[in-house]
Amino acid sequence: MKKHAIAVMMIAVFSESVYAESALFIPDVSPDSVTTSLSVGVLNGKSRELVYDTDTGRKLSQLDWKIKNVATLQGDLSWEPYSFMTLDARGWTSLASGSGHMVDHDWMSSEQPGWTDRSIHPDTSVNYANEYDLNVKGWLLQGDNYKAGVTAGYQETRFSWTARGGSYIYDNGRYIGNFPHGVRGIGYSQRFEMPYIGLAGDYRINDFECNVLFKYSDWVNAHDNDEHYMRKLTFREKTENSRYYGASIDAGYYITSNAKIFAEFAYSKYEEGKGGTQIIDKTSGDTAYFGGDAAGIANNNYTVTAGLQYRF
């Protein structure tokens, strides 16, 4: 009888231990494991479109496309299935077409360091801009009011512009004039896609909370499309394995136990990637391809947003 009692006690202790361990691996599906946020803000930045002589590496052309105070809407949905893990989906998009600016410089002479041709296009619109980001965070260090860890994710970002009208100076000032007002000259779009790694941190004191995030990628693939409407030419470029750096910080205050108002600043830098270019003649249908480092694609941008976060 005594042996049976001991056996029952051992089975009970073992079962409780197994249950406790298995419970650690059961994801939290309660509503308070889910957090969502919505914010509005502005986007600013600049993209560069470059053309090179593949034989000498000399820069032949550079177009600077600016983004100026474009209104954005940003959303975030995160789930914390375990105390040491957070799954997150977030993104932002322009709310409408916005203001931009474009300057086009050409270096047609190898015998002079300065540009030979320039056109300026103040009437440039940002047709759209958007980004989405899917990531997972693993919290390696946790305390009562802080946590820090690593992150990995996938991100895609897109921009599009149209330049109309403008003025030009060609052949070192030999030809000076204006393009027809309101007529499309050049349309340009970029797309960046990449996996990334990074570091994340969170700190809270009373009702104040601050979050920081650093992201890095050495595996950026970039695509662009350049439509020269007046010349009826299309230029398409693709680059691989360029670098990206990103950082964001947000600070907020809990107005209730579940709701927080916050402001965020986020910065992204896509370093120049170089690759081949395809040229399509829209009139004849002829195409040509130049391999090597014939073209370059780059962008840097930042957003400033403010909004509301809610934990269910």
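Along the chain as shown, the residues are counted starting at 1.
Backbone N, Cα and C define each Cβ position, glycine as well.
Values in this document were obtained by computation on a predicted structure and should not be read as measured data.
Here's what Swiss-Prot has on this protein:
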ACT_SITE  D104  active site
ACT_SITE  D106  active site
ACT_SITE  D226  active site
ACT_SITE  H228  active site
SIGNAL    1-37  signal peptide
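On the structure: features taken from Swiss-Prot.
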{"residue": "D104", "record": "active site", "Cβ contacts under 8 Å, 6 or more apart": "S61, Q62, L63, D64, D117, R118, S119, I120, H121, I186"}
{"residue": "D106", "record": "active site", "Cβ contacts under 8 Å, 6 or more apart": "L60, S61, W115, T116, D117, R118"}
{"residue": "D226", "record": "active site", "Cβ contacts under 8 Å, 6 or more apart": "E49, L63, I186, G187, Y188, T234, F235, R236, E237"}
{"residue": "H228", "record": "active site", "Cβ contacts under 8 Å, 6 or more apart": "G185, I186, T234, F235"}
